Amino acid sequence: MTRKFFGTDGIRGQANSFPMTPEIAMKVGMAVGYIFRRKGQASRVVIGKDTRRSGYMLENALVAGFTAAGMDVFLLGPIPTPAVAMLCRSLRADIGVMISASHNPFYDNGIKLFGPDGFKLSDQIELQIEAMIEGDMTPFLASHGDVGRAKRVDGDIYRYIEFAKRTLPRNISLNGLRVVVDCANGAGYKVAPAALWELGAEVITINNEPNGININEDCGSTHPIGLMKKVHEVRADVGIALDGDADRVLLVDENGTVIDGDQLMAVIAESWAASNRLEGGGIVATVMSNLGLERFLADRNLTLARTKVGDRYVVEHMREHGFNVGGEQSGHIVLSDFATTGDGLISALQILAVAQEQNKPISDVCRKFQPVPQLLKNVRTTGGKPLENKRVKSAIDEAKERLGGQGRLVIRPSGTEPLIRVMAEGDDRGLVEKVVNDIIDVISSESSAAA
């Protein structure tokens, strides 16, 4: 069934444009509130947000929708996405909502939904919500005496800080570690520096002054250049880069080199396997993870199960097949022993634990494999279905034949933007670049011709 509102990570778009309008947000609140409201009992929803200016607008619209449906609302304020999932369980809420567009620019925003177990909603429930939004909302409204109330929650970030700190083994501290944290002017700007400092680290914080429009602006996990420079400047042991809602993380070693999610997953997988903590016989990653990671795991008799792009699909596979480590190259890392979704801070703490335990620099700990040459490029489209175009199909088939068994080709539409993502990898760097550029050229040409 074609989706009109939900993408791979909730509902997302430009603020004040369809579908990220106050009207739609209110209807989402009404529909979700009706579905999760417990008849005859007090029902509650927790709502968090990142630091985008439009968060205020959408927050108020959601409050109107949920209270109209008869649910009480707990407002958490600016807080990481994984904290919303955790607090949904901790506060025994019936539903959790995060207002965020993750790593996107400030002018975008989104709505992510979590069930009472802290996991993202199923496709079936999302389709049910879409159908309700499109119809008459009147039947979903509560009676006069059952309209909900709203209140702001105090101390919620401290609950999450304590939760995150407890994931670091008690016999390990961060004493003597100089850490630079890039908060992306986003939702982690309070919790990440506080947790690291309380665990003993010397913390130097950058991009921790959100003003509503500077979230992810030339900073955070999608723009780590500033962090690389700062680590070198202050001679830090490690840099930690979060994204706007702090559900993903990249590290920078003491030499100023970026360490992506694939390397981080390799560290955790090897460490947890050695201590018999790794479940499922391996880890779960997406089709975008590097072939080098797959080879590294295979050499240690560990498997790499691949899914579609999107941490929700990683989590679904983990739950269905008994894995406790999964993630994406982009830095979404899910450790189900601790969390139900990607958590940048907790993932970083697990890497720091390995480094402290082994008494080795981050550069030694996190260089587990030599990545296979990989190139990812995006091409913006003007609508339609370019991947069904005959010339595009022919170019893709030709590329697969040229790569043969020595590489991989992944082509997919973005779930959040009007883009086609083209990724190829293989041992021959020149061939990889040629394959990607040829496909990009054809898609761009055909898309322009169809416009």
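Each residue, glycine too, has its Cβ placed from N, Cα and C.
When Ser102, Ser122, Ser394 are compared with the Mg(2+) site residues Asp243, Asp245, Asp247 in Swiss-Prot, the one appearing in that site is Ser102.
A separation of roughly 7 Å, to the nearest angstrom, links the Cα atoms of Ser102 (active site, phosphoserine intermediate) and Asp243 (Mg(2+) binding site).
The residues near the Mg(2+) site, meaning same-chain residues not in Ser102, Asp243, Asp245, Asp247 whose C-beta sits within 8 angstroms of the mean position of the site's C-beta atoms, are Asp50, Pro80, Thr81, Ser100, His103, Gly186, Ala187, Leu242, Gly244, Ala246, Arg248, Gly342, Gly344, in sequence order. Within its own chain, Asp243 (Mg(2+) binding site) has Ser102, His103, Ala184, Gly186, Asn216, Gly220, Ser221, Thr222, Val249, Gly331, Gly344 as residues 6 or more apart in sequence whose C-beta sits under 8 angstroms from its own. Around the Cβ of Ser102 (active site, phosphoserine intermediate), the number of neighbouring Cβ atoms within 10 Å comes to 30. Close to Asp247 (Mg(2+) binding site) in the fold, though at least 6 residues off in sequence, lie Pro80, Thr81, Pro82, Ser102, Asp311, His332, Thr341, Gly342, Asp343, Gly344, each with a CB less than 8 Å from its CB.
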